[in-house]
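Novice: Below is one structure. I have some questions about it.
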Amino acid sequence: MTITCDVAVLGGGTGGYVTAIRAAQLGKSVVVIEMDKLGGTCLHRGCIPSKALLRSAEVYAEIGESESYGIETTGVQLVFPKVQRRKESVVEQLHQGVQYLMRKNKIQVIKGKGRVTGPSIFSPRSGAVAVELEDGEMETVVSANLIIATGSRPRVLPGLEPDGKVILSSEEALTLEELPASMIIVGGGVIGVEWASMLADFGVQVTVVEAAGQLLPQEDEEVARELQRLLKKRGVKVLTDTLVDAASCEVTDTGVTLTVRKGEQSQSLAAEKLLVSVGRVANIENIGLENTDIRTDKGVISVNSNMQTNEPHIYAIGDCIGGLQLAHAASHEGIMAVNHLAGEKLHPYRQHLVPRCVYSRPEVASVGYTEKEAKVLGHDVVTGKFPFSAIGKAIVYGMKDGFVKVVADRSSGDLLGVQMIGPHVTDLIGEAALAQLLDATPWEIGEAIHAHPTLSEIIGEAMLAVDGRAIGF
Ligand SMILES: Cc1cc2nc3c(=O)[nH]c(=O)nc-3n(C[C@H](O)[C@H](O)[C@H](O)COP(=O)(O)OP(=O)(O)OC[C@H]3O[C@@H](n4cnc5c(N)ncnc54)[C@H](O)[C@@H]3O)c2cc1C
C-alpha cells in the first residue's frame, strides 16, 4: 500500500514527534514511522527513566540526612523493584501523553522499520520510505518532505561489549531489578556522572574511570573540580586521565575485573557490574541513505543551517546529525526544519545557546561558552562567581554546595556564558539561556529583581559579581 502525505518523519523520538506536531500545526498532513515506541530514547531509555531513578535516589539520600532537619526515622528500606515500578509508571504516563498528542494533531503513526528509497514509480525523486510492518507486510510512504530523526544508540567499546548481565550500557542499566554492591563506570561524561551520583545515593560503591583530565570534559574546569570533590565526599572514587585496558576485562563469578592505566601506573579494579558510558553512535545504517545523495561525515548525517541534507527536500534532525545530542536540541532542530520547509522565518540556530544539564546531586548546568572557550575565541574575559553558601534559600534547603559562574567580555560587557553547579541549577539555567538569547548584559540581569528568598537570587548576584558589585558575599 502507498500512503501519501506532506511530511513524513522517520523516527518518533523526541525530535521526531515534536517535528510531526509542528508540521501538523502548520496544516501539513503528517506520517510518523516508528519501529519501536513513540518517545524514543529520551522517553524510554534516556532522560525520563534516568531522572525518575535519580529522583528516588535523591529522596532516599534526603531521608538519610533527615536528622539534620530534626526528623528521626527508623525502618527506612530501599525496595529497588518498587523504584523501578515508579520509573515505569512515569514513563508510561508520558508515553500515553505522546500518543494522545499524535491523535489530537491527526498525525498518522505507522509502526514499522523504515528505509529511504531511491527514485521509483511511486516517487520520481528519492525520499519515499519503504516500511516493513510488524507482520512482515510492506507499506510505502511518499511525501513532499522527509525528516530523518532516527536518533542514536550507546557507543560500544571493543572488548567491553555489553552482555546485559555484568557489562552494561545505559540501556541495560536502566532496567536492573537489583542494585549491585559495586559498579565501575567507564566514562565520566553526563550519563556516567548521573549514574555515579544515583548509585552513590543508593549506597552502591562506585568507581568512575575517565580518560580526560576532568569529569564532564566539555564543561568548565572549576565546575568539574567541584563536582569531583563533592562526589568523592560521598564515597565515589573518581579516576581521571585514566585509560581502561579493555583486553584485560574479565567477567568472573562475582563480577568483573579490569585493569586501568594512568601514565605509567596501572591498577586492577573489581566490581559486581561495569557500566560503559562512552558516548552515542548515530543510527544512520540500514536506513537507505545509500539510495540518496545524502552525505554523512564522521558517522552523522550532514545538514546545513536549515537542517536540510544534500537533498533539499530531505531534512535530518536530532541525535542522527550529531552535535549536542540532547532531547531539547533534537526538538528545536525539528521545529526549525518544519518551519523552513513551510517557508516560515527562521532564527539562526546558535548551538552554544542550547542549555546543557546534568542531573547529578548537586546538579550541573551551563549555557554559552566556558571561560576557556571564550578565551580561545579571543575574548578579553572577565568572570563573576557567587557561592550557594551565601544564598539564604540554599541554606534553608540544606544544599549550600556549589556556585554560579558568569563569563563576560570585558570591553563589550556581553554575556558569553554561565556555568552552574548546585541545587536545582537545571531549572535556574533557563534564565541564563533567555538572557543570552536576548543579548542581555550581566549588568542588565543584575538589575532584574530576584525574589527573596529564592535560589534564583544567585543569578543576580553572580551577574553583579562580574563588576565587583555582588552584595551578599
Ligand atoms: C541515559 C540517557 C539519559 C539522557 N538524558 C538526557 C537528558 O536528561 N536531557 C536531554 O536533553 N537528553 C538526554 N539524553 C539524550 C536524549 O535522549 C537524546 O538526545 C534524544 O532522545 C534524541 O532524540 P532523537 O529524536 O534524535 O532520537 P531518539 O530519541 O533516539 O529517537 C529516534 C527514534 O527513531 C526510531 N528509529 C530509528 N531507526 C528507525 C527506522 N529505520 N524506522 C523507524 N524508526 C526508527 C527509534 O526507534 C527511536 O524511537 C539522554 C540519553 C541517554 C541515553
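Cβ coordinates are placed from backbone N, Cα and C, and glycine is handled just like the others.
Any TrEMBL annotation is an automated prediction that lacks curation.
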Novice: For the FAD site that TrEMBL assigns to Lys51, Thr150, Gly151, Ser152, Asp319, which of Gly112, Gly114, Gly189 is also named?
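Specialist: My reading of TrEMBL gives Gly114 as the candidate in that site.
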Novice: For the NAD(+) site that TrEMBL lists with Gly187, Gly188, Gly189, Val190, Ile191, Gly192, Val193, Glu194, Gly279, give the additional residue from the candidates Glu161, Glu210, Glu219.
Specialist: Glu210
Novice: Could you tell me the maximum Cα-Cα distance in Å between the residues recorded as binding NAD(+), namely Gly187, Gly188, Gly189, Val190, Ile191, Gly192, Val193, Glu194, Glu210, Gly279, rounded to a whole number?
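Specialist: Pairwise Cα check on Gly187, Gly188, Gly189, Val190, Ile191, Gly192, Val193, Glu194, Glu210, Gly279 gives a maximum of 14 Å.
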Novice: Which residues of the same chain, at least 6 positions away in sequence, have a Cβ lying under 8 Å from the Cβ of Gly114 (FAD binding site)?
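Specialist: Non-local contacts for Gly114 (FAD binding site): Leu10, Gly11, Ile33, Met35, Val129, Ala130, Val131, Glu132, Val141, Ile287.
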Novice: For each of Cys42, Cys47, Ile191, Val193, count the other CB atoms within 10 A of its CB; which of these recorded positions has the top count?
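Specialist: Its Cβ has the most other Cβ atoms within 10 Å: Val193.
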Novice: Please list the recorded positions from Thr150, Gly187, Ile191, Val193, Asp319, His452 whose Cβ falls under 6 Å of any atom in ligand 1.
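Specialist: Near the molecule: Thr150, Ile191, Asp319.
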Novice: Mind checking how the domain 'Pyridine nucleotide-disulphide oxidoreductase dimerisation' (354-462) divides into helix, strand and coil residues in DSSP?
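Specialist: Within the domain 'Pyridine nucleotide-disulphide oxidoreductase dimerisation' (354-462) the tally stands at 40 helix, 31 strand, 38 coil.
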